[in-house]
Each structure stands twice: as structure tokens, then as C-alpha cells.
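Chemist: According to Swiss-Prot, the domain 'GAF 1' annotation covers 73-222. The annotation domain 'GAF 2' is assigned in Swiss-Prot to 254-431. Here Swiss-Prot flags 483-816 as domain 'PDEase', drawing on sequence analysis. Positions annotated as active site, proton donor by Swiss-Prot, on the basis of similarity to another entry: 559. The divalent metal cation 1 binding site annotation in Swiss-Prot covers 563, 599, 600, 720, and the record cites similarity to another entry as its basis. Sequence annotations record features per position, and here Swiss-Prot assigns divalent metal cation 2 binding site to 600 based on similarity to another entry. For 857, the entry in Swiss-Prot reads S-farnesyl cysteine, with the evidence type similarity to another entry.
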């Protein structure tokens with residue numbers, strides 16, 4: 001068989017298309033595609049402009065896909081697309097303008113410039129300091145970015161949008177232009193522009209189609225780059241907020257340390273060579289001694305810039321963070337005006353206007369005087385700058401953060417502005433923490449000062465203590481110089497006899513005694529309870545404490561020291577005479593009597609409701625039991641003073657228990673809580689009757705802390721209301737004092753609150769006092785003393801006292817009712833007589849049928 005020629009094979013394949021296709025797919029298709037994808041360069045001749053064949057165009061597309069797959073550098077991928085487009089469009093050169101927003105203004109900046117079919121990337125890549133920037137209202141590229149549509153300009157000289165300043169800079173003549181936006185959704189990302197058609201007078205419709213077709217590659221590249229960049233920025237932003245947040249909440253006391261910790265921690269995510277933070281002086285008003293020299297003409301007035309809220313711009317501290325080379329941090333207190341971060345005037349400008357300033361080419365900047373030479377031995381120079389204010393929640397500028405030289409050499413862009421603004425905004429808001437801490441610290445210091453002032457006026461001084469502890473008279477020395485035995489000897493002579501003054505009796509009256517004598521009686525009660533020696537109470541501290549308590553009560557009508565003492569005396573009587581002491585330890589008895597003496601200290605003569613209505617600070621401080629909690633805190637404040645602390649020698653557990661008992665006892669005097677606890681107390685009384693022996697019940701109660709606390713709470717109520725159980729001669733006088741204080745509150749409600757008081761506090765209804773007293777006894781008081789007399793029969797005298805006083809008040813109430821009834825009857829008779837007299841007047845008789853008669857005429 002002879003050799004087969006190429007012509008014969010070609011003829012055979014043309015005649016058998018199906019076989020040719022099958023053979024090709026089986027033997028060559030995979031290899032061909034593999035060769036195409038594996039080829040490093042497309043087999044297309046780019047040396048001369050010519051119309052590519054379909055095969056060449058396919059190879060170009062494969063080349064672009066391969067390049068996009070292998071190359072992660074955005075500029076290089078776009079550069080390759082533009083080189084291919086130069087050949088396909090037969091354009092002399094092409095350029096890429098990136099869309100960005102700087103200082104809130106959109107603009108286009110050259111990124112790839114003068115790309116042609118034989119260009120090298122390094123020659124076409126525009127460095128940040130060599131950028132050509134177009135605003136959107138300038139040039140054809142600005143018009144394309146604004147309209148978001150392709151533009152084909154056949155003749156630039158006839159186009160109104162064309163601007164020749166680039167031609168002047170480059171000494172190049174632009175004749176025709178084909179430009180198109182690269183979009184990401186509805187947003188412009190970049191503008192790609194081809195200039196000067198090589199083989200024609202202008203770009204054709206065919207060129208537009210080619211540009212749009214290959215623009216899909218550029219669009220995809222830019223979209224991937226843009227999404228990757230956004231992802232990177234958001235990741236950095238999240239890390240910055242996370243780490244700065246963690247450091248902000250570590251440091252709540254000082255703004256400088258707070259800023260430093262946050263800014264130093266996030267330094268790796270800021271993507272810049274240096275950043276500087278200037279902290280502004282927050283003083284709004286100068287001291288008079290600083291103003292006088294200005295007013296006297298000795299010092300010129302300040303004429304520099306001011307913050308939007310009127311403060312002089314004075315950076316009291318600058319912190320420099322140097323991240324290039326060897327990391328360093330420099331803190332400059334009271335920086336001079338020529339400090340490298342301030343000398344340009346940019347931080348002051350930002351502080352004055354509150355604007356974000358993004359400067360892409362600092363050496364070429366005319367408005368700000370940036371240093372154009374290296375700042376230090378490292379040769380570092382300022383290239384681009386981003387500066388923004390740090391604003392707190394009050395919209396006051398507290399500082400300025402300035403970032404220098406983005407690490408990749410590009411100028412700071414919109415995403416950098418957003419990222420840095422998030423950081424500075426967070427730092428500004430976090431200023432609230434140290435501000436709040438400082439305010440709280442000042443309030444705490446003021447509170448301590450005021451407490452010191454109060455204690456100075458309330459505490460028993462060295463002259464007053466000599467009225468009881470007469471150490472100067474007896475020993476010729478001060479109390480603290482005496483031994484406890486010497487003080488005990490003086491007190492034994494000075495303190496009253498318990499039996500003589502009847503301080504353990506339920507019918508005790510304070511009226512014949514002076515306030516100083518009441519203080520002495522109070523001291524004697526501690527000795528009667530035998531707690532002074534047992535708990536090693538310093539006798540000087542005991543005397544000072546009781547005397548200070550008497551001074552702590554205000555000089556008001558009823559809730560004064562006499563009332564405070566009476567409550568303490570009744571507590572003492574319930575424990576001793578009422579035999580309730582057997583349920584409580586000596587420590588608890590000490591705490592209960594002390595709480596009773598303290599229970600109304602610093603009372604203002606008005607009740608809790610008035611504190612709320614008048615919006616008294618006490619009402620804002622304490623949510624419930626307002627005055628009771630204030631009395632408790634006042635008493636604790638006195639006890640915290642070493643010279644007054646009668647609990648100073650208790651161990652920790654004893655001290656905590658004593659304070660706990662005082663807390664319950666004083667809060668329990670709130671009558672609003674009385675109705676909640678009396679049912680529980682009644683159950684305890686009922687339970688006590690189920691025990692056969694008193695000893696078993698006592699042993700049970702001593703171990704039941706909750707029941708003991710309920711009994712103590714009811715004891716405090718019984719003590720607080722004990723004036724109602726006193727002999728009539730005493731009770732009638734005390735009731736008038738209580739009523740007078742109520743009427744004073746009623747007057748305040750009328751004058752201050754512009755409200756009508758309740759009848760109990762209305763002095764215009766003073767005659768109704770007996771009736772109100774009967775109601776108060778029946779509704780509030782009787783239950784307490786009836787249950788206590790049932791609980792312990794030794795307390796029956798208190799029930800007898802209230803029963804007798806009710807009779808007296810009831811008699812007065814009946815007398816008042818009878819008097820009012822007589823007055824009402826008399827008034828009715830007078831009205832009847834007046835009506836009868838009016839009926840006998842002419843024209844006064846009613847007309848027939850009930851019609852009203854005329855006063856001026858009558859019908860005959």
C-alpha cells in the first residue's frame with residue numbers, strides 16, 4: 001500500500017465530518033485544552049496592531065482567566081486586561097482611575113497610567129505621591145463616574161467635559177477617548193479609559209462592544225478585590241473594637257491610661273507607621289488669678305483657635321506611637337508648639353472644626369506646614385496623614401488622633417477613615433467611664449467632707465464631755481488620760497439611780513428631766529444591762545456616743561432627742577421589766593437598745609411621703625423606708641468614728657451580728673412594714689401558748705433567729721408608739737406635740753407643694769384631734785399591746801395605759817361630737833327661721849301650680 005498524502009487525508013476528513021469530530025474528541029481535545037491552560041503566554045502576536053481571529057481571541061480569554069486564577073495582585077491582573085484591550089481596541093494607551101472618597105468628597109485618582117500593548121507594570125503603576133486626582137465635576141472621567149455610563153468621545157476639542165490639564169502635564173495630545181465605569185452593584189469602583197484610536201479617527205461601536213465584553217474581566221477582578229478589601233477592613237475594625245473595648249473596661253479611672261492601653265493594644269491593626277494622640281485641656285473657664293494679668297494688660301489675650309464649645313485649644317499631653325523600625329512610645333507633657341505632631345497646625349485645625357482631615361500628599365500640602373525633611377535619624381518622612389477628633393458623649397472634643405503613612409504606601413482611603421473613626425468614636429464614648437468615676441469620686445470626697453463637718457458639729461467635744469465625765473475637776477486631767485477604773489468611779493457618782501428615776505418602768509416620763517439628765521439615764525441603761533464590762537465598751541466612748549446622739553437629733557417639735565430617748569427607755573423596759581431579755585443574748589440586747597436610741601436621729605419633722613412629694617435627695621437615695629434608712633446610716637456613721645464606737649472591741653462575727661440586728665430594728669420602725677409583720681408575730685404568740693413550760697419555750701426561741709428578729713421588730717414598733725401608753729397627764733401633752741409637728745408638715749404641703757393636707761395634718765381641723773386619736777389607737781396601736789400582754793403578762797401595764805387613754809380621748813371626741821351636734825341643730829333652726837321669714841314677704845308665697853312668682857309684679 002502506497003503512502004497517504006496530506007491532501008488525501010484532508011479530503012477524507014472533509015467527506016467524513018462525524019468521524020473527524022469523534023477522532024478529535026477522543027485523541028486531541030483534552031490535550032489541546034491542557035496545552036492552552038498550561039501555556040505561559042498566549043500564542044498571539046501583539047507586536048503589531050491587527051484584528052484578532054476568533055482563535056486568537058479565545059487564546060486571549062484563556063490567558064486572562066489563567067492570569068486571574070494565578071495572580072492575587074489586583075493591579076497586575078487589571079494591567080494585563082488593559083494591555084489586551086489596548087491591542088483589541090487598537091488604542092494608543094489606557095489608564096485606570098480608582099474611585100474613592102476622601103474628607104467626605106468623592107474623587108478619581110490614577111492607579112495605572114499610560115498602559116500600552118508593550119508596557120511594563122512598574123512603569124505604569126502610579127505611586128501615591130504622583131497621583132493625578134480628578135474631582136467628579138472635572139474631565140471626561142469625572143463625567144463618566146457621575147453618569148455611570150460609557151462615554152465615546154470622537155473629538156475631545158468639541159467635548160464640553162474634556163479637561164486638558166493632564167495633557168499639559170504629560171505633553172501628550174489626547175484626540176479621542178473611550179471610557180467606561182467599573183461597577184460593583186450600583187457603586188462606581190473605578191473608571192477605565194482608552195485614548196487615541198491608532199487605526200482610525202475615533203473609537204467605534206464595535207470598540208464599545210469589545211470594551212464592555214472584556215470589562216467583565218476587569219469588573220470581576222475589581223469586585224473580588226473590593227470584597228476582599230472590605231472583608232479585611234471589617235476584620236480589622238472588629239479586632240480594633242474588641243481589643244480596645246477590653247482595655248477600656250480594664251481602666252475606668254483615668255482617661256490617659258485608658259486611651260494609652262486601648263491605642264497601644266490595637267497598634268497592629270491600624271496599618272500605619274506612626275500615630276499621635278493629643279489630649280485637650282477641658283477647662284472652659286479660667287481662674288480669676290489667670291484672668292487678672294490679661295485684664296490688667298500685662299499679658300495679651302488669647303487669640304488662637306478655639307474648640308466648637310469655646311475652649312482654648314491647648315494640648316496638655318501628646319502621646320507618640322512609633323511602629324516603624326524599633327517600636328517606641330513617647331509621652332510628652334505640655335508639648336511645645338514646634339513638636340513634630342503639632343507644628344503643622346493640623347491637630348489644632350481638627351480640634352477647632354471637628355472635621356476629619358485626610359491628606360494624601362503631605363509634602364505638597366500648602367494649607368498645613370508639614371515637615372518635608374526626615375524627622376529623625378531613621379530617615380522617616382511624613383507622606384500621607386489622616387487626622388480626626390475624639391468626641392465624647394457631650395459632643396465635646398477631648399483630643400485629636402493623627403495617623404501617619406499607611407504601610408502599603410497608598411494614601412488613607414474611605415475605609416481607613418471609617419475604621420479610625422470607629423476607634424476614636426469608641427474612645428470618645430468611653431470617656432464617660434473616667435468622667436463618671438471622677439464625678440463619683442468627687443461626690444464620695446464631698447460626702448466624706450460633709451460627714452466630717454456633721455460629725456464635728458454633732459460629736460461630743462472635750463468641753464461637753466466634762467459635764468458628765470468630770471475628769472478635770474476630779475483628777476485634773478483629760479478623759480483619755482484616765483484609767484477605766486477612774487472613769488467608772490466618776491460615772492458611778494454622776495449617773496442617776498435606775499430605781500429612783502424609774503427608767504425601767506413603763507410609765508416613765510421624761511418631762512421633768514433635762515436633756516443632759518436623759519443622756520445620763522441612757523448611759524446608766526448600758527450598765528444595768530451589764531454589757532459595758534462584758535464587751536469592754538470604753539467608757540469615754542460610751543459617754544461621747546450618748547451625748548453625740550442627743551446632739552444628732554434636731555430641735556424639732558416631737559421627733560427630737562426626748563422621743564429618741566423614750567424609745568430607748570421603752571426598749572430597755574421591755575427587755576428588763578417585760579422579761580423579753582430571756583430570748584436574746586447580751587450582744588443582741590446591746591444592739592437593740594442602741595438601735596432604739598438611734599432610730600429617729602436627724603429626723604426632719606416630716607414623713608416619708610413628704611420626702612417623695614418634695615423630691616428630697618433622701619427619697620432619691622433610698623427607694624423605700626426613706627427616713628428609717630437615713631437614721632440607720634446616720635447612726636452607723638457615728639459608730640464608724642473611733643472615739644464614738646461602742647462596738648470597737650467586738651470581734652468580727654459579733655460586730656456583724658450587732659450591725660445586722662440594728663439594721664432590722666431601725667428599718668422595722670417604718671409603720672408601712674408594721675401591717676406585714678403583725679400576722680407573723682401573732683402566730684408566734686399563739687405558738688408560745690402551746691408550750692407547757694416557760695423554760696421550754698425560752699430554749700426554743702433562743703435558737704430561732706428569725707422568730708427573735710420578728711419579735712424584736714414588733715418591740716421596736718411598741719417602743720416607737722409607747723407615748724400612747726403613758727399616763728394621761730403625760731400622753732395628752734405628748735399627743736399635742738405630735739399633732740403640732742403634723743400640722744407643721746400640713747402647712748408645708750400647702751405652701752411648698754400647693755396641696756391640701758390630710759385631716760390629721762390640717763391645723764384647720766385641730767378640733768378633730770380626739771377623734772383622730774381614737775381611730776389611731778383602734779386601727780394601729782391596740783393590736784401591738786394586746787398581743788404583747790398576751791405574749792408576756794408583765795407587759796400588761798402598757799395595754800392598761802392605752803385602754804385608759806382611749807377612754808379619755810373617746811370622752812373628748814364624744815364631747816366634741818355633742819358640741820358639733822348642738823351647733824348643727826342651732827344652724828338648722830336659724831336656716832328654717834330664715835326660710836319662714838322669706839316666705840312671709842310680699843310675693844314670697846308660691847304661685848298656684850308651683851310656678852315661681854315674680855319679685856316685681858303679681859297677677860290679680
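Cβ from N, Cα, C; glycine included.
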Chemist: Which has the fewest other Cβ atoms within 10 Å: 600, 720, the binding-site residues listed?
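Modeler: Counting other Cβ atoms within 10 Å of each of the binding-site residues 600, 720 gives the minimum at 720.
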Chemist: Taking Cα atoms as reference points, which of the binding-site residues 599, 600, 720 is nearest to residue 559 (active site, proton donor)?
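Modeler: Spatially nearest to residue 559 (active site, proton donor) by Cα position is 600.
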Chemist: Tell me, if you would, which residue among 559, 599 (recorded positions) has the fewest other CB atoms within 10 Å in the structure shown?
Modeler: 559
Chemist: Determine which residues of the same chain, besides 563, 599, 600, 720, have their CB within 8 A of the center of the CB atoms at the recorded divalent metal cation 1 site, and list them by sequence.
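Modeler: Going along the sequence, the neighbours appear as 559, 564, 566, 567, 596, 603, 631, 669, 719.
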Chemist: CB neighbours of residue 563 (divalent metal cation 1 binding site) within 10 A?
Modeler: 24
Chemist: Could you tell me how many residues in the domain 'GAF 1' (73-222) are helical, how many are strand and how many are coil under DSSP?
Modeler: 59 helix, 49 strand, 42 coil
Chemist: Please work out the mean pLDDT for the residues of the domain 'GAF 2' (254-431).
Modeler: 88
